[in-house]
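Participant: This is the structure, below, for whatever I ask next.
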Amino acid sequence: MCGIVGGIAERSITNILIEGLKRLEYRGYDSAGLALINGGQVLRERRVGKVANLEEAVNESHIAGSLGIAHTRWATHGKPTENNAHPHISGDVAVVHNGIIENYQELKDDLEALGYVFTSQTDTEVVAHLVNDALKNTPSLLEAVRQVVPQLKGAYALGIVHTDHPNELITVREGSPLVIGVGIGENFISSDQLALLPITNRFIYLEEGDIARLTRTSIEVFVDGNRVERPVKELDAAVSNASKGEYKHYMLKEIYEQPEAIQQTISQALNGNALRDDFLKNAEADFSKIQQVQIIACGTSYHAGMIAKYWFEQLINVSAQVEIASEFRYRSPVIVNNTLYVCISQSGETADTLAALRDTQKRAAAKNLDIATLTICNVATSSMVRETDHSLLTLAGPEIGVASTKAFTTQLAALMLLILKIGQVKNTIAAENIETITAELWHTPKVILDTLQNNEAILRLSELFKEKQHCLFLGRGTQFPIALEGALKLKEISYIHAEGYAAGELKHGPLALVDNDMPVVILAPQDDMLDKLKSNMEEVQARGGELFVFADINSGVNEKDRQHVVKVPSISAVLAPIVYSIPVQLLSYHVAVLRGTDVDQPRNLAKSVTVE
Ligand code: HGA
């Protein structure tokens, strides 16, 4: 998604802006630009493609300035061209924008009637012209922005500067993330604090509807024209720890970080083989009341939610539903009393999930319903954490690769902890079952480490995949969502068309696709469904399909003609989905590397999906 960086300082901030944009590259983007205010002029450079292209242009033009805004664009309105790249300028105003102005066409028609000429196809450009126009009525840039904001429909974060206002940077947060980085004699804005970590660890997290005015030495935040105080929070040093180290890609590093990440996640909740007394203590009253659970999530997080549905019902006898947030938010769902709504999102900013949450809260309030909300995410300071009653952090550390790996497996670990806690509060799980599962959770990092030993074997299998056009992933029970996740990973980073299916569904359609050229990946842990799964494998082989099986060492599934087997260390059936995520991640990773794709920043995708 688009990234914004801006700042006002005593020194030239050109390099800070470029460095900030580079740190936002993980979000995915198609073009980049920056504008600096210097000597009563807007100095602007924009380039299609990587931030490196912009950096080259800036190095050539030597533009400098102590006030400026910069942007990485992920196009929603208008192609990824230089003209559509931000910042957009109208007169002496320059604007960067993250989000969508939904009523831009109407506003554009009005502005054109007033004589404003548009040089891009973006929705963003209307903001620049509107601010320019509002400045006819007021000398104050802040006031002009305040007049424009009520005219904008949609979700947006903005950074705005003006040549005649060299001592201020105006920013707006309305539905898209934005933080202020607090410095000494300098202040900054960004859509992700990660961009500003080299300069500060002190942040103000703006709230929806906030407009802020930054000078070199002050930060004023306004809501409806009134000054409000927003606390400055100091960030944990651990958050700043994001570099590739010895690994070729962030994704590979993050795959290998999973044992530690899971250990971190479970350590916050467990004391030996018991849940800590203080774990989700404040949620106990809510948990005792709830009758059912509704999980809302997108993409990989949705797959984590699907697995949790099996677990909720099988382990603690609590009914659970899971739905894709972009559907849930628009289908007028019936909000049910005594339901726990669980949002799952790596960033805690996923636009659809956040909107579904807000819509649920609104509907519940309108009917006076008693519901509880809980977030599972990786960012303690995120909007979702702030806006739900309870939260559970995945403690995976920053995840930079667009294809989620450690965020997914730590979500699974966190969901299991949540389920055990709810079961304990509601007394629907026996104490010895909690003990058994927690003991297995502690053991999971070691099993993942052993599973990672298969890296070379999986690399060899990837060679057989690299020329393929299509692929099927099959699993049963909690391996069905892993099949979906495996297919998603392969699609995302290798661009091979892949489908995940519940293996029992094979004969209801997808079997028609199977031929000599169709690789079929099978997830075969040691569980009650293994024999049924073996029959599904026979069905594939009988039609000439080539099997790639990730199978428990004791499963009795062995190599044979057109059946490749990677043996996975034993793990309890219940936690097997966590472990079987690893081979599908490695397979996708190696296939993508062999195909020469941009593994960490696959085409057309963004890390944290903060627009619809
Ligand atoms: N709508 C704007 C900004 C897009 C954006 O925020 N993407 O994440 C544009 O298309 O330029």
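Residue numbers in this text run from 1 along the chain shown.
Glycine residues also receive a Cβ, built from the backbone N, Cα and C atoms like all the rest.
Copying in the features that TrEMBL gives for the protein in this structure:
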| type | residues | note |
| --- | --- | --- |
| ACT_SITE | Cys2 | active site, nucleophile |
| ACT_SITE | Lys607 | active site, for Fru-6P isomerization activity |
| DOMAIN | 2-217 | domain 'Glutamine amidotransferase type-2' |
| DOMAIN | 283-428 | domain 'SIS' |
| DOMAIN | 461-602 | domain 'SIS' |
Participant: Kindly report the helix/strand/coil residue split of the domain 'SIS' (461-602) according to DSSP, in that order.
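Facilitator: So the domain 'SIS' (461-602) is made up of 64 helix, 32 strand, 46 coil.
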Participant: What mean pLDDT score does the domain 'SIS' (283-428) have in the model?
Facilitator: 96
Participant: Within 10 angstroms of the C-beta of Cys2 (active site, nucleophile), what count of other C-beta atoms is obtained when all protein chains are considered?
Facilitator: 28
